[in-house]
Each structure stands twice: as C-alpha cells, then as structure tokens.
Amino acid sequence: MSDHINDKLRDSRDESPRYEREEEKMSVGRYIATRIPTLKPPMHKVANPFKLIALLNFQQWMFFLVGFLGWSWDAFDFFTVSLTVEELAKQFGKANSQITWGITLVLMFRSVGSVIFGIAADRYGRKWPFVVNNILFIILELGTGFCQTYKQFLACRALFGIAMGGLYGNAAATALEDCPEAARGIISGMLQQGYAFGYLLATAFARGLVNTTSHGWRPLYWFGACPPVLIIIFRLCLPETASYRERDAVRKANGSVTITFLSEGRVALKKHWLLLIYLVLLMAGFNFMSHGSQDLYPTMIQNQYGFSPNAVTVTQVVANLGAMAGGTTIGYSSQIFGRRFSIIFISIIGGALIYPYTFVGNKKIMAAAFFEQFCVQGAWGVIPIHLMELSPGSFRTFVVGTSYQLGNLVSSASSTIESTIGERFPLPPLGKTKRYDYGKVICIFMGCVYIYVIILALIGPERLGHRFGVAHDDDLADAVGENMVSAVVHRREAMGHDDVENGSSDGDEKGAVRRDVKAS
C-alpha cells in the first residue's frame, strides 16, 4: 500500500505547472533562452470575478478578511505620521524634515520585524504572531499619542517599524494559503489594495480627528490603537490555515518539530538562495515604483502647480481609488495571462502615462493620477500571490515578508533622492515660496524604475498555479523523506479531515504515521 501512496504522491508532483519543475533542472544558458518564449500568455479560462470569489468557502473568506483588515490598519498606522508632520513638528519644536525621520525609522526597522515574525509564523503558525503584531500596534500607537519629547516619538516609531514589518508576510499567507487556485489572482489584487484602503481611512479620520479638539494631533493616534483590538478578537476566533496544519502534521510525525523545521531551512537555503536574492531585487524595484510615484507627488502638485491643500487631498484620494481598481483588475488578469506578462504589460502602460502624470499643471491631472496609480498598484496586485507561489513552502511567511521589507529598505530614500535632485531645477518663485521642477525628476526617475522592473520580471521565474500542499513540496520531502510525507497525506485522507485535532490526538497521528513509514 505504501508503494501505491508514494506513486500517487510522485504523480501529483508530476502534474505541477510546467514553469517550476522544468526551470529547476535547466542550465543557465537554457534558462535565459526560455525567458521570452515563456512570456506567452497561457490564456487560462477563468470565470468572471463574481463566480471566482464565490468559490471561497466561509472560512477562506474569514482568512482573507482578517488578513485584509490587518494589512489595511497596518497602513493606517503608518500614514498617521505622514498626515500630521506639521503638527508634530510644532509640538516637538523640530523641522518637518526631522519629523520625517520617524517615517524613515519605520522603513529601516521593518526588515527586522519581517525576519522575527516571519520565522515565528512559519515555525509556530500564523495565528499567534499575528495577534502579537496587533498587540504591539495597540501599545505603540497609544505610546506615540502620549509622547512628550522628540526622542520618545522616534523610539515609538522605530519599535512600530518592527511590528509593521512582521505583518505583511503573515497577512499574505493567511489570506492566500487556502484560497482556491482559480481565485488566487483576484484575491491577491484585493489583498494588496488594503494598503491603499488604509491610506484612504487615515486621510478621512485625520480630517475628523486632527486639530478638532484641544488635544491637537493626538486623538488620531489614540483612535488608531482601537480597531486592532477587534482584529485580534477576530483572529482568535479562527483556526490556523489548513495548509499550515498539514505541514505541522508532517513535522510532528517526524519527531521533533524544531529539528524538522531547521532541516527544512537548510534545504530551502541550499536550493533557493539565488531565488531569495532575486525576490529582494524585484521588491526593491516595486517599492521604488510605488514610493517614487507617490511620496513626493503631493509636494509636486502643491509646490510646482499651486494646488491648495484640499485639492492635494482630493487628488490623492482619486489616485488611491485608481490604485484599488488597478490592483484588483490586474491581479484578476494575471490568472489568465500569467504573472510576469501582466507585470510587464501594465508597467509599459504606466511608463507611457508618466508624462501626463507629472506635466499636466491643472485639475485634469487627477485623471492622470487615477490611471498612473491604476498601473503602479495594478502591477503590485500580482505581487502577493507571485511571491507566495515562488517562495519555499516551509518558509512562505518569512520569504514573502522579508523580500518585501528588504526591498522597501532599499527604496526608502526615493523621496530624498527625488527632492534633492529636484532642487537643482528651480522654477520662478511664487511670492516668497521657492518652486522646483519636481515633475521632471519624478518623470525621469519613474522611467528608469519601470525599465528596471520590466527587466527583472522578464528574467525571473514564474510558478503560476503552484500548489501549496505538502504533497507538492519537494523541499519538505528532501528534509523528512518522501515516505514520511506520503504517510501523513494518506492518514489525513483516510481520516477525512484537514487537521490533526479533528478525530485524533497528535500522539495517535504521530504513532500511526510512524507505523506506516516503518511498514514501507
């Protein structure tokens, strides 16, 4: 019987998408030669979006929703500083540029959080690291709201960076691990736009809470600490993902969970170190694309084109609505045309829109802002599922989160680069206000970034439709043995449940699996 199980397991692996199994065995020359031919869209038949989202069962929807809410509020908390820079500068007696160090510190420490919480989520499960993340959000947002000195403010934001860095990979794994394969693209796009949704929420609540009471800017931060309480309760009501429970069952059956986890790490590092470097480089390009098109843009339209603060806010809201539409649309389309093709195609369109995005000097620029961010975040909409499909199964949270945050760290100087170069192109002053041609700099900068992203997407791998179960994980089989994996898969199929808690104890499962392995 065990031979039959092993044959079945091998057959299931042989059915894996052509992208992954062939690329692992290619020489460098052959791999390079296949980059353009493999861009040909697979043209998969995909149902309309409403039918796709109907494929998710109740638990899968809850996993998506808790991941989306966590990621959205993560963004809300991040943007609170951006929206209160002037008030904070006045409170602490500092220049605006000194206050923005709070933003820089967040970006710098996010990589630390992605490593710590990513490894924790892959070892101990998605649930409790997610809960700890949100507890830290509560403490640090309240702490920021009560800061009395500039040093206290910087300390809170640095610690907030660690907490923020730990959430992205966990949110992606929670939302997408158990998602039906056909719906992955659209769910990925919807998940990524939690960031834009968080910005819209922060903008709306900032207008209602900042300088509307005697406490000035502080109520925005106090309010920011409240919703994570509900998100924590929500997450506590949900179990671990089925994908993690299945992997955890293999580790428990193999004996020591920690030793098995470390063995998986050695295999992943040995086989995928080059892929990890590639993902960081790819994420650097994507973060340059978002920060380069967004961070200095409000300054550009206000300083260069004379927009009022209200007009700047409206333009930003319109741009983020475009971002949400683009992420969902292109994420959905990537299921039809492939991940790499979708990224390259929408990047070309975005590159063509750079000129109106930066050189239209009146209110019509809102249309350009909508469609440019449609393209930028459209490409981003593919990223959560693209990273998930490329990442080693045993370290999915760590790889997704850390590659994203290291890329963010590399690109954190985007606005500084653009503003510094922009000051070399002065424009005639408006009264006593110095003006600079930031549009020209953003245009050139974004042109270079789009070319970089297109090249990286072109030369990179793709694993569209990669299966997340342990039966399709060669790394896990290398770490614990194919017999062990096949025995666990068989036992779980025979018991007819998704996790070891239903119908048997860990000890019962462990013992039964070991007997199956010995029998083989």
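Each residue, glycine too, has its Cβ placed from N, Cα and C.
Copied over from TrEMBL:
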REGION    1-22  region 'Disordered'
TRANSMEM  52-73  transmembrane segment
DOMAIN    63-464  domain 'Major facilitator superfamily (MFS) profile'
TRANSMEM  99-121  transmembrane segment
TRANSMEM  128-146  transmembrane segment
TRANSMEM  152-173  transmembrane segment
TRANSMEM  194-214  transmembrane segment
TRANSMEM  220-238  transmembrane segment
TRANSMEM  273-290  transmembrane segment
TRANSMEM  341-360  transmembrane segment
TRANSMEM  367-387  transmembrane segment
TRANSMEM  438-459  transmembrane segment
REGION    496-520  region 'Disordered'
COMPBIAS  507-520  compositional bias 'Basic and acidic residues'
Annotated stretches the transmembrane segment (341-360) and the transmembrane segment (194-214) touching (3 or more Cβ pairs under 8 Å):
no
If contact means at least 3 Cβ pairs within less than 8 Å, sequence distance 6 or more, would you call the transmembrane segment (128-146) and the transmembrane segment (194-214) in contact?
no
For the domain 'Major facilitator superfamily (MFS) profile' (63-464), would you mind checking the mean pLDDT of the predicted model?
92
